[in-house]
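The structure appears below as structure tokens.
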Amino acid sequence: MTIHQNGSSSTSVVEPPAVELTDLSHYVSTPDAAKLPRAKPVSIRAGKTLQEQDPIERLPSPTTQADSKVERWNAPRGNLWRTLAAFWSFVVMGANDAAYGALIPYLQEYYGLTFVIISLVFLSPLVGYTASALLNNAIHLKFGQRGVALLSPGCHIIAYVIIAVHPPYPVLVVVFMIAGFGNGLADAAWNAWIGNMANANEVLGFLHGFYGLGAVLSPLIATTMITKGQRLPWYTFYYVMIGLAVIELGTSLAAFWTATGAVFRENNERTSDSKDSRMTEALIRMPHARITWICAIFLLGYVGIEVALGGWIVKFMLEVRSGGDFASGMVATGYWMGITVGRVILGFVTPRVGEKLAIAIYLPLTMALELIFWLVPQFYVSAVAVALQGFLMGPLFPAVIVVATKLLPRHLHVSAIGFAAAFGGSGAAVFPFAVGAIAQAKGVKVLQPIVLALLGVILGLWLCLPRIRRKAE
């Protein structure tokens, strides 16, 4: 405690200027950084190079410091409204995706189309999801979350207005691409943002629970409008979707208006010395590319299973299990209800068991239920089995997002998680279309073996992820 009084210290003080320090306070943040002058944020201007637009911070922040600054869903205070806006956005996305399954039989009858042609409504959003996967990081860097809050609901409104006027079928296929782009942007942005929060499993569980809520209500409302009461035409359901999307636009813009591109770049500084863009670093440079692609392909398979089951379950129960119109529609509602409840309840279980082990338990149990669904030809057994499948599948998507935030550096979260979420979202297009194309030749009963095979594939992918080191909260 008296070292400063030691004679040897006086000799070091009078040493020549070898000990002169350079002020590096603008490179790193400390708990007292708020008291120090801050460097001006970098802005994007015409003619600037990539490195000037997206500067590299060559002194990475310590992990302990990053952990101390983890945001919460209700802190700072503005996060409460942003979280609620993201929840509502996922309600709209869930309603959008689940509507296909309930409307497929009526679209097929209205337009007089085959299985393969009607399945294009599943495939066309692939273009939109692909575009969002490639543009998500650039939109964040230039416009921030404000850009997503405008573009995603805007795409929804445009798509639903056109669908509501029931255009010719080729126009309908093109319009679903716009809806897919809106879904992909919001899916990527809000997953990456909430995945960085404290208690991410629980909050993501609620986020995807609201997706499930929209997916529960959508077939219920659509089926009721079409089969009960005045037996309205299928396209009147999209008047409801227009109203939901208008609310989404208002809430998202109000909550994220101050989240500009400059704010995003300041809060997500690059901590590697790579001269590549963030997207290139996430997709090509090892070891980060391995994690990004495993997560992306896992989500591709998972979302494909989720939407293929939800999309074709009504047709399956009608034709293979000989159910009535309303009862078969309610099976789809039960399936999405299972996903919703599973995301909320198992969202609290998964982090306590550990993501790697928990999902390795949920998937084999889901495969067992799929076998029961396939091999026991009873309507009510199938209805219960598919609802329980939804319950166990519910936490899969949130768990992948949390794992990615733990395995990847923060500056890659939006690019990597955004790509994985949007790429995975394309599974909602590819696999339901594949089921429809095969069903054209073999019948809709092919749904079950395809789903079982995909469950086995994503289980193998999950086991290929590196060991997860727990972060100290």
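Don't overthink the numbers, they just go from 1 along the chain as shown.
Every residue gets a Cβ built from N, Cα and C, even glycine.
Curation does not apply to TrEMBL; its annotations are automatic.
Taken from TrEMBL, the feature domain 'Major facilitator superfamily (MFS) profile' applies to 82-471. The transmembrane segment annotation in TrEMBL covers 84-104, 110-135, 147-165, 171-194, 206-226, 238-264, 291-314, 326-345, 357-376, 382-404, 416-440, 446-465.
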Review point. Given the model, what does the mean pLDDT over the domain 'Major facilitator superfamily (MFS) profile' (82-471) come out as?
Key: 82
**Study point:** Result, the transmembrane segment (110-135) in contact with the transmembrane segment (357-376) (3+ CB pairs under 8 Å)
**Key:** no
Practice item. Please indicate, using numbers and ranges, the residues of the same chain that are 6 or more beyond the transmembrane segment (416-440) and have a C-beta under 8 Å from a C-beta there. Key: 97, 100, 114-116, 118-120, 122-126, 129-130, 132-133, 136-137, 140, 180, 183-185, 187-189, 191-192, 195, 279, 282-283, 288, 291-292, 295-308, 311-312, 315, 397, 400-401, 404-405, 408, 446-447, 450, 454
Check your understanding: Hey, would you say the transmembrane segment (446-465) packs against the transmembrane segment (291-314), going by three or more CB pairs under 8 A that are 6+ residues apart?
Key -> yes
Practice item. Look at every Cβ pair spanning the transmembrane segment (147-165) and the transmembrane segment (238-264), keep those 6 or more apart in sequence, and say whether at least 3 of them are under 8 Å. Key: yes
Point to revise | Selection from 84-104, 238-264, 291-314, 326-345, the stretch that has most Cβ pairs under 8 A to the transmembrane segment (206-226) | key: 84-104
**Study point:** Folded-back contacts onto the transmembrane segment (238-264), same chain, C-beta under 8 angstroms, at least six residues removed
**Key:** 41-44, 78, 81-82, 84-85, 88-89, 91-92, 95-96, 99, 140-150, 152-154, 156-157, 160-161, 163-164, 221, 414
Check your understanding: Which sequence positions outside the transmembrane segment (382-404), separated from its termini by at least 6 residues, show Cβ-Cβ distances below 8 Å to it?
Key -> 191-192, 194-195, 200-201, 204-205, 207-209, 212, 291-292, 295, 298-299, 302-303, 305-306, 309, 313, 317, 321, 330-331, 334-344, 346-347, 349-351, 355-356, 358-359, 362-363, 365-366, 369-370, 372-373, 376, 413, 416-417, 420-421, 424, 458, 465, 468
